[in-house]
């Protein structure tokens, strides 16, 4: 199973990706985690990424795709993967499709977790208190939701046109949402 998990901040992508990893016995690949690991390892891509981030700039699609290509070449992804945090825009979706086609591992499905904006803000506010996440302050949350709406939401249409999209209600208990994802994937 080769899967992309989409959804706005606070929709439960990371939580459900971790649960799907255990359910399907395939790795959960987070581009944020990849970036941090490459920087920590001091790899050539990590050095480039660190320089970019030190300037306060966003890491380029080229660097992210290079990291993804290296990760997808590892043995543990032979039976599939769950990709979380990428693609974030249509250009990245096209690049990902090209990469996966090149390595002979096209996506099986893209799951979009749907959660109302008001509930997202509540969830994120609760997470900020519980985890002390600096990027979960109200102003940052509004900005992240707007960025998602402007940049990432068009990715939904991209995959819908290709017949890969499954929309799942992301509201409910962790088990309820996991069950809905399984049903959407025909499992």
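Glycine too: its Cβ is placed from the backbone N, Cα and C atoms.
Residues or ranges marked as ATP binding site in Swiss-Prot: 10, 11, 12, 13, 14, 15, 127, 172. When Cβ atoms from all protein chains are considered, those within 10 Å of residue 11 (ATP binding site) total 24, not counting its own.
Taken from Swiss-Prot, the feature AMP binding site covers 31, 36, 57, 58, 59, 85, 86, 87, 88, 92, 133, 144. Long-range Cβ proximity for residue 59 (AMP binding site), meaning a same-chain Cβ under 8 A and a gap of 6 or more residues, is found for 35, 49, 52, 53.
Per Swiss-Prot, region 'NMP' is recorded for 30-59, and the stated evidence type is sequence analysis. In the predicted model, the region 'NMP' (30-59) shows an average pLDDT of 84.
Marked as region 'LID' by Swiss-Prot on the basis of sequence analysis: 126-136.
When Cβ-Cβ distances below 8 Å are used as the criterion, the region 'NMP' (30-59) is approached by residues 14, 17, 66-68, 70-71, 83-86 of the same chain, each at least six residues removed from its ends. Residues within less than 8 Å, Cβ to Cβ, of residue 86 (AMP binding site) and separated from it by at least 6 positions along the same chain comprise 4, 31, 64, 68, 92, 96. Cβ neighbour density within 10 Å is lowest for 172 among the binding-site residues 10, 12, 14, 172.
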